[in-house]
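Structure first, commentary second.
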């Protein structure tokens, strides 16, 4: 690169730079003086002040953890509150040989070696330096006294009053509200260390987990002067924490209890949704467990007992339990068939007790071996006629079936704010190719029509599907939160989160009357002359639209112990039932699953009715005034095509 | 009457001048001496600050050794040879920064590293600390001084590209240092005072406008915390409160080596890295810090001397910028730890624990040595 030689500028440039060097040197000297002045100020002028702080006393900034927001049911009954409790804390840095200190604690309180091991584990969960680690909760007065007596042998050990999460409803909401537990190492890494300093618990499951950000609040702090032993002498400055937000859930404690009672000790799940709002009114997974021990740290043995129980109390059947929906989806399939134009309300199928694909010898059986004769859509729903739905499914084909059933939320997460919901499975051609590398066979479409085969749904999805029948296709994601700070869950959640959920669009049928045919079929299930659940429907003070179903239990679940009597019982089909009521103007939609209950209409339907009764009937056993139809309805006047 | 000029230089004279071992090795004795003193002092303070952690000390010692070797290697290169490679290095450096943006390794919420697993992991922004002033120096040295408006504009663009890229990582401390290193070249090149005053005057209205029209609420909050760390007492403010108490309680003479209570026992989580001056101040008092500052001033003085003596314009500008930037390290770190300036992550040069900043700084001094020791050689040609 040729450069012009600039000899004449050379000396001028050098002079310029030299001048700037001098300016730079002056600036450096001046700024150094500023630093020295600052240090002089701190070390000479403020020396006394800092020495006082440093020598006998130290200033500490102590975080003040915010109190966790409370959780109420829709009527203001408390589901989760905070109870003052005395805890034993150890500050590792002040304890010296903390192993030995733990030994003394165990000895003084006469605890077991198991407790000792638990303490050690808690101590090892490192937090900020000098942060007291709570190792034992809910001290009794005697224990506090014993600690006081031994205080001289226990450096770094303190008895402190803390607010500890408490679930007065015990097992009732363990699967929906969830519980908080101690922050573990993994969570510690992901948390905002500032906002969680001083906080020892975090939502682990359910609402507690999903709304952790709201419930937690914002940390406060106080600047305190402590002596050399860490005792607080004086508070210099305090900023109050911002307490967590209280949540009002859509759940109803009374309905929840009624639903649990209706299950009558059987294993199963109940979900009740208010169709107009998507609010979940009850969410039962039985058996349940008491979440309270999980807050303070459940013992290994107690946990093992829960974990290994054959009844699987820790298993959230509502959100995680996957079952073939069985006949419960027939009303939705019927509506889809009408919309797709493959059947009309009047078209009939002759049922000899089985269905055969043209050119195939295999007989697809109706549950009623003798056959129902010539059946139309409404009759097919009422009788849960399999032959009719084999035919319908065959005409629809798997692709359309997949599309329509997905609109009803099957095979995807449907909830707005429930933690750890399973997506279930709505099979399609593509899915089968990817999963099994096999083509789709026509016979597989047939059994989709009666809710069997590869299909896997959760009770929550069934509840949402029947809610869509009740709302005529209006989609609202079911949710547990009713309001917090006067805002709905949709308002509280970030737009992009809601967008990412990809809520299915409202189901718009070619003719809205198609809904009525499906719904009337469901009503006939309960109230029709040959309805499969008429025994239950007859007893109701209002009209119900429902549908029974059976989920086949194919194999014994892995890990279950072989026990002849139990295994046989556990081989029985799961009983399903979905319904909404009052049929004309639905106020509640319910899905029930009774594990190994065998008969949907015989076992699950009465549960559904009890739940609906609990919601619609007043204490006098009559319909609550707000649920009575505005105009007295004559039996025949209901939606009849 | 310049006798020096009149006297013809004989071969013997040249040989005598170049005879000393240091000169033949292109080592500047003063710089080496001061740097060795700082290295020794660093290990001394670090031993206390790290809680007598020998592993850490050995690592720091190795970093010093490695950095010194690197410095001496760099000192062997002729400055004009360096200048030839500057534009390419700049393009390469900016390319790496873009690569960080695209595929960088994220650690602790910031994307600053390029990670080739098993091969190397490094921060491209570190390179820029040297490349930036070299680039501006290279560019301005091609033109007459003081720089014309057009040259200033080009320089600013050259500075702002890496500045913005590093700011986005986000790494405020490093981006400001790089901005400063580029700006110092302009300053050394005689940037007219009216421009300097104008720039400072423009900052204020721009900042005000940004505050009201551009920044979102959470960003404002962050700026406020940055300006007033004590409003965030559990985070950065925590360190400030603690370090002020540590410094203050040191008094004039300090508590003595290994005897600092605040910095050892308390919550100074970065006591051996960015906040090491608090340990030093507590244990050695005002006197100790003043001695350190004196050593720094000697180093800066030597750097400015080299700047004035440098024979090429490129050498002058680069040496001046490197020296002034070094002072920025010192000022920002001590100012920040003593609560005078907002907290940005800038280490105390040569004292804080950490290999990367040592290597970068020592490379800079290697360049200073090269500028100085190759001078006489150039003079003869």
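Glycine is treated like the rest: Cβ placed from N, Cα and C.
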TrEMBL annotation (transmembrane segment) - matching range among B:196-214, B:215-233, B:234-252
B:196-214
Using a Cβ-Cβ cut-off of under 8 Å, list the residues of the same chain that are 6+ residues beyond the ends of the transmembrane segment (B:30-49) and lie near it.
22, 56-57, 60-61, 64, 68, 71, 257-258, 260, 263-264, 271-272, 276, 279-280, 283, 292, 295, 298-299, 302, 350-353, 362, 365, 368-369
Lying 6 or more residues past either end of the transmembrane segment (B:317-344) yet within Cβ distance under 8 Å of it, the residues of that chain are 79, 129-130, 133-134, 136-137, 140-141, 172-173, 176-177, 180-182, 184-185, 187-189, 226-229, 236, 239-240, 243-244, 247, 274-275, 277-278, 289, 293, 296, 299-300, 303-304, 306-307, 310, 352, 361, 364-365, 367-368, 371-372
Contact call for the transmembrane segment (B:149-166) against the transmembrane segment (B:172-189), three or more Cβ pairs under 8 Å:
yes
Which residues of the chain, 6 or more past the ends of the transmembrane segment (B:284-305), have a CB below 8 A from one of its CBs?
28, 30-31, 34-35, 37-38, 41, 250-255, 257, 277, 319-320, 322-323, 326-327, 330, 334, 349, 351, 368
Who are the long-range neighbours of the transmembrane segment (B:350-371) in its own chain, taking Cβ under 8 Å and residues 6 or more past its ends?
26-28, 31, 35, 38-39, 41-42, 45-46, 49-50, 56, 59-60, 63-64, 66-68, 70-79, 82, 123, 126, 129-130, 134, 272-274, 276-277, 280, 292, 303, 306, 310, 315, 318-319, 322-323, 325-326, 329, 333
